[in-house]
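Accompanying notes for the structure given below.
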Amino acid sequence: MRLHPRLCCACLNLLHARVWIPDTEEVWKSAELTKDYKQGDASLQLLLEDGANLGYKLDPKMTNLPYLRNPDILVGENDLTALSYLHEPAVLHNLKVRFIDSKLIYTYCGIVLVAINPYETLPIYGTDIINAYSGQNMGDMDPHIFAVAEEAYKQMARDERNQSIIVSGESGAGKTVSAKYAMRYFATVSGSASEANVEEKVLASNPIMEAIGNAKTTRNDNSSRFGKYIEIGFDSRYRIIGANMRTYLLEKSRVVFQADEERNYHIFYQLCASSHLPEFKTLRLSSANDFLYTRQGRSPVIDGVDDTKELCTTRNAFTLLGINESYQMGLFQVLAAILHLGNVEIKDKDADSSLIAPNNRHLTAFCELVGVTYQDMAQWLCHRKLKTATETYIKPLPRLQATNARDALSKHIYAKLFNWIVEHVNKALITNIKQHSFIGVLDIYGFETFEINSFEQFCINYANEKLQQQFNMHVFKLEQEEYMKEQIPWTLIDFYDNQPCINLIEAKMGILDLLDEECKMPKGSDDSWAQKLYNTHLKTCSLFQKPRMSNRAFIIQHFADKVEYQCEGFLEKNKDTVNEEQINVLKASKFDLLVELFQDELKATSPTGQVPGTGGRTRLSIKPDKSREASSKEHKKTVGCQFRNSLQMLMETLNATTPHYVRCIKPNDFKLAFSFDPKRAVQQLRACGVLETIRISAAGFPSRWTYQEFFSRYRVLMKQKDVLPDKKLTCKNVLEKLVQDQDKYQFGKTKIFFRAGQVAYLEKLRADKLRAACIRIQKTIRCWLARKKYLRMRRAAITIQRFTRGYQARCLAKFLRRTQAATIIQKYQRMYVERKRYRQKQAAALAMQTILRAYLARQKYTALLREHKAVIVQKHVRGWLARCWYKRCLYSIVYLQCCIRRMRARRELKKLKIEARSVEHFKKLNKGMENKIMQLQRKIDEQNKENRSVNERLAGLESSYTAESERMRGELNRLRGVEEEAKNKANQVTSLLEELEKVKKELKATQQEKKTIEDWAQTYRNEMEKMVSELKDQNGLLKKEKDDLNRLIQEQSQQMTEKMARAIAEETQQLVTDLNEERSRYQNLLTEHLRLEEKYDDLKEDIALSLNVSKPGHRRTDSTHSSNESEYTYNSEYTELEEGSRASEDVTRGIDTSLTLKLQKRLTELEQEKQSLRNELENKEEQYQRARARDDAEFKKARGAELEYESLKRQELESENKKLKHNLAELRQSLLGNAATGAGAPGSPAYNVLLDQLNASCEELEVRKEEVLILRSQLVSQKEAMTHKDEKETMTEPSVFVEDVSKLKDADEIKQAYVGLKDTNRSPRFMHKHLEVSDLLSRLRSAAPDFHKLNEDGELWLVNQGLKETIRLLEHQLQTQRRTYDSEVESLRGELQNVKEENNRQQQLLAQNLQLPPEARIEASLQHEITRLTNENLDLMEQLEKQDRTIRKLKKQLKVYSKRIGEMGAVQAEGQTSPGQMVDEPIHPVNIPRREKDFQGMLEYKKEDELKLVKNLILELKPRGVAVNLIPGLPAYILFMCLRHADYVNDDQKVRTLLTSTINSIKKILKKRGDDFETVSFWLSNTCRFLHCLKQYSGDEAFMKHNTQRQNEHCLSNFDLAEYRQVISDLAIQIYQQLIKCMENILQPMIVSGMLEHETIQGVSGVKPTGLRKRTSSIADEGTYTLDSILRQLSAFHSTMCQHGTDPELIKQVVKQQFYIIGAVTLNNLLLRKDMCSWSKGMQIRYNVSQLEEWLRDKGLMMCGAKETLEPLIQAAQLLQVKKKTDEDAEAICSMCHALTTAQIVKVLNLYTPVNEFEERVSVAFIRTIQTRLRDRCESPQLLMDTKMIYPVTFPFNPSSLALETIQIPSSLNLMFLTRV
């Protein structure tokens, strides 16, 4: 167990080994070796966990080497014996890790369950947890008190040996709670053998015993101050029948004294808190602080506890146990008297006497409550009677002794009351049924040691010594049995034997013997007793010691620790003296209950033979001894003697049973939740024997492995050549190579035994091998990854190079192309530049030349002009001078000549006036003028040419300068008139030059203005462009805002739509959920109803068997009638059954009337609740139907267009009717006109006209009938118009006639129908109706050859009259149709208005769509159009189907008419009878072929054959033969066909008896063979098929949609079986639940083994070391269930249901329920098994789930919802595999595990256990993070899933296409008495 040289050699190298070293604060501290240890080293170099270095000194004389620490994968194991190193620090650390980190309070230590009090309520004790542990092996589940209880219960049933559960521990460690949960487990699992609810009574005893025996201490708020041993009795079927309680060591001193922060017993505070109640006014109680016995601890209130409510619980428990109100008030009266007695004040009278003040109110209250006299009680409280041999005298008592006597009396009364309550509790728990076995639960105190230890601690530790001895012997015995079983050489294990300590206490002259002897001494004292102890044992016994500083104490070396006891008070407590006179006063009380408490103890013996005893602090019950003396002598026995005897009896009881041990540990003294104090824990571990168990185990071979487990775990240490077919031999060979020292292990028959530490060594080798393998795998993988990365990089580099080189080449080509292009561009650019430059230079040169030449020309022109002007000036001057001279000369000459010429002119004037009138003169004058004009013209032309040249020159100048052009133009104008105005032009030159300058100035000003205007325009343009850009930007922003607003509106609209859709979906889901809940409640009520029925039947059978009552002529039948079925039972046979039931009920009532009334009341309540649920379901279905009808009405309103079309058709019909009327009138005239001429003979024109008209009329009538039928069917479907009853009858009579005719089968039926029709026509109601046209036609065709012969009997007149009647009838119908048309028009107008409203609504919708974006608008319009087209298509298809049906009907009608015409013609030809004779005389079916009659799908049976039918078809039918050879659901079809016949003959009694017999027979066969899945599946399928048949052929339109015409003809016609359909539906629900239970019973043993334990993927998860309690092996041995077993079973279930013809929807529901059970059971076991919560197990689970999903996929059941039921399991498996370190991991886990509750997530994380060293544990901080993130979840706190939950089942209507008339009954069913109809 400690470091040893051999171990060092085995371990090879201890460097970095982890060890445990002692520590004063933490007891043990972990450290790591930093230097290898060599033998002989004086110290060890250690590194502590906090990083500090430490030198640990070693004592060379002692082997005080530190303990080695276990590998991390072994830390946190369920069983401490699974640890490789078994020692105190390993045990303490393992418990601490489980308690603090994993929040696990239970741990196995071999056969001991260690329970640590969490001081917090944990959700691990519910009914679901009990069900999970029920039936499980103890090692398969996590440690739990329920596992110990289940093991005890299982061993009791298996070994038929009584069991004991011993619960021990300190006060506050949780002993009482553990014992309470163990009893609750037994009560829940086993139930009770009767209806007396014994298990409830057993549990009800707990609050009573806690109230009177528990109190608050400094260590515990509900500390049990007594020990108790409860025997729970079981019958032969292991059901609870009763219980018995024994109590030990009641702490009576607490009644009169409490330490600080403690309380008296709870019952006192409960009474004080309830003193305000009216019934407690007489007790005169008040607050607890007002009484001495309840205020000494100064802590009257416990936080979180309401004493008033606790008293109510206590009183209810009293009532349940049969203690009535009067007894309860009596008990409370005694308890109140004790409180008042404690307040009685005793005063000193003198030094040796005392007194009580007169009229003391508390003593008065005490005397009134207990019924004694005040004087007597006051007298004997202060005095004592002494008896001597000769006389008796009374001695007064001092105040102190009187006070002690008062307190002793209080303690004695309370002890008597306690025993009385225990006795009556035992009476209530006793039963008269024979007890077969029992399980005892011992709740007893643990080892106690305080600063001051007295007689109480001595007795407690004495009892623990005895229990520890028994425990050691039991452990030693188990070890020896294990070694012998495995044939291991047995060597004596040295273990601590505490027999010497027990002898020191109880042997002759032992401590108790000396104490009793000293008590008998007259002057005995504690000091003298102490001296006797010193003298007797100090030198003779090493376990007895004397303290150094005291002579009134002694020390005993107990198994747990040394304890020093103070001798003071030992003698007084051992004597337990009470003043006999006080007892006599109480015995003389008028209070009956008090007298009963103090009566003779033999008379007060409990029914189990137990006798209450007395004691100082104890109260025990022992069996009576016949040789015992009277009670007066018994009263003188000491407490020590009584306790020794009772303890001996307890040990005998325990030795006669198989013990199970529960050791409760108190983790801290401050009641802090999940706080662990190592010092306190180690003290209790040493005291309770856990470490002794470890030591015994470690002394031998503590680690034990089966060969298969060893091979599976350490297969990695073996080479391939070492693996042999024999696993045992393989393990031996490998182990011999791995461990050289053969003393370290032993080979047993089935196991390998290892010494302590060897498993750790093997784990180290395995970890090293795995680490090396991991390194190699990592090396290979890293190499592969690196090479893969290299190749990927190489490929990437090559690719990059290829692309780079290509890019570079492309860049080069591009560069070359660009260079070439640039060269060309440069060439052309340079050429352009040079050409431009050249052109600029050329233009400049030309401009310069032009300007220069123009300048020179202008200069030359100016010089020439000046010269020319000078010449002109000279010329003009010289000419003026010459003219002046000439003028003067000429003036004179002219004056002279004028005078002469004037005279001549006057003469000539006269001549000219005369000549002027002549033409010749004018011609002469004109010739001269013409010449002169020609000259002038030439001159003008020359001047024009000159002007043109000048104008050209001016035009050239004008192009350069505008001013010059103006001047040149002016000059040109001047030159044009140069000859005429030469003088004037010379004077204008100067003015023209001035004007030119002025024009130049204006040109410059204009150019400047132009430039200014251009600058302003450019500025304005820029400003405008800027403004436009700003406006564009603003426009863009506005568009963006518009788009954003549109998008926002669209998003809001979409959100609103989604919100509405989500709200509708949620509301729908809520409605569906509510409906499912209602269905579930209803089906649960059906289950409860069935269970009560079965229990009722069982009770009747038990009563009948017990009484052996058998009446003559009475036949016993199982009463399986439900409340619904009994309403329909009227058969005499069932009346007889009812009478038998009444008789049995009378017998039952005589035995247990209250039980019968309770059952009847419960049955009535269930019926009422069932009826209310049914009504509620019907209301919901009606609401659904109304909603559906509203939808249909709205849909039909949209068909107004069809009605318009129909109105048009009606108009066409009216026109056709007019045409028909015209034809008939023509026919009548033709007949009347030719009547006398014989034109009516065959072949004559009249005859032909008549035939043509009749044929045309027939055709028109056929067309009209067809259209009327179509119109009428459409009008009926619309449910509008045709409201007037008479008109409706008129319109529907032809179609009714057509339909009736179409149903006729043969010629006989047609003839009979025809005769009946003629009778009807002759009746008064139909007197005015016309003859059939076909009848008239047949008569005409069968007439005589002669027209006169035809008319001999007045037939022609009859024809005429018939046609008149026909015409009148048609007119009447036309008027009727017109009125109908008017009414229809009104209705159509209303419809049109509706259509208009709909159109308006559509327009509004269109307007709304137009406001949408284009995409949404298009989508909405498309959706609307698709909807409209779909509706139109549906309507058209519906019309097409109706037209097809009408065509088929008319074709059939045509055939019938043809046949009728032929038959009537033949009959008329034979008999030549009139229509009247045809009616009166019978029709003989001569020469008419008959068809074979078709079967109607009915089976006829006689009433007396009903029992035979039920027997052969239900009770004795073998499902396998029917399912394999016959059609599915054949029994259901046969039963329904029989039912159809009973309905056909209108026999209501036959219908009722058949249905009732069927239901009862199905129940009977299911009760008989309810465990057979095939039978239950077969009858579930047939019951559903029978239910579907009742619906399909019920005549209800909702169920007839898929029927054929033939099937509709087979509908039930006389009875409405809707109520029976509900009864059969309830029966189907019961069968379904029975099927689920049967299936669950088959699957339950397979699930855990196949889904969790079996390794589907071999080698993934290794088996960790296990402790003493072996778990189920995960290796697939022979007989072990695997996943394939589950899949095969599921396939078998599925194939069986398919063979039986079960509805596919029902199969889906069954599969969903199957997968829910698999997922729930697997997840529950995962949550309760720490060894299953690992990464590898998560992978196994996910693989198994994938296999289940593959199975679903193969069967086509992926959409049935089964996969969703596995979601919690899938998420749990994912949770085991995901990373669990960072906050991101926590967030991922919270989002992933939505199907798991917070409690389940935290539980999985707490249970997560690494299987290998490479895995890491989940840190506490991470779990806290998960809890914080999941804090806001609203979910159930339940940890486990409800495996008993059954989804509510529904039976969707599934009509059958099988025609009933085609069903053949096989002879194998022995139903020959059935006749097909």
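From the backbone N, Cα and C atoms, a Cβ is placed for every residue, glycine too.
As given in TrEMBL:
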- 75-767: domain 'Myosin motor' (DOMAIN)
- G169, E170, S171, G172, A173, G174, K175, T176: ATP binding site (BINDING)
- 622-633: compositional bias 'Basic and acidic residues' (COMPBIAS)
- 647-669: region 'Actin-binding' (REGION)
- 919-1102: coiled coil (COILED)
- 1122-1134: compositional bias 'Low complexity' (COMPBIAS)
- 1139-1148: compositional bias 'Basic and acidic residues' (COMPBIAS)
- 1360-1460: coiled coil (COILED)
- 1556-1832: domain 'Dilute' (DOMAIN)
Count of other CB atoms lying within 10 Å of the CB belonging to K175 (ATP binding site): 27
Neighbourhood of G174 (ATP binding site), C-beta criterion under 8 angstroms, separation at least six: A115, N117, C664, K666
DSSP-assigned states of the region 'Actin-binding' (647-669) in counts, ordered helix, strand, coil: 9 helix, 8 strand, 6 coil
Check: same-chain CB within 8 A of ATP site center, minus G169, E170, S171, G172, A173, G174, K175, T176: N117, N220, S223, S224, G446, C664, K666
Neighbour tally for G169 (ATP binding site), based on other Cβ positions within 10 Å of its Cβ: 27
Which listed residue (S171, T176) has most other Cβ within 10 Å, given these are binding-site residues: T176
Surrounding CB atoms that lie within 10 Å of the CB of E170 (ATP binding site), all protein chains: 25
Neighbourhood of G172 (ATP binding site), C-beta criterion under 8 angstroms, separation at least six: N117, T217, R219, N220, S223, K666, K671
Count of other CB atoms lying within 10 Å of the CB belonging to A173 (ATP binding site): 26
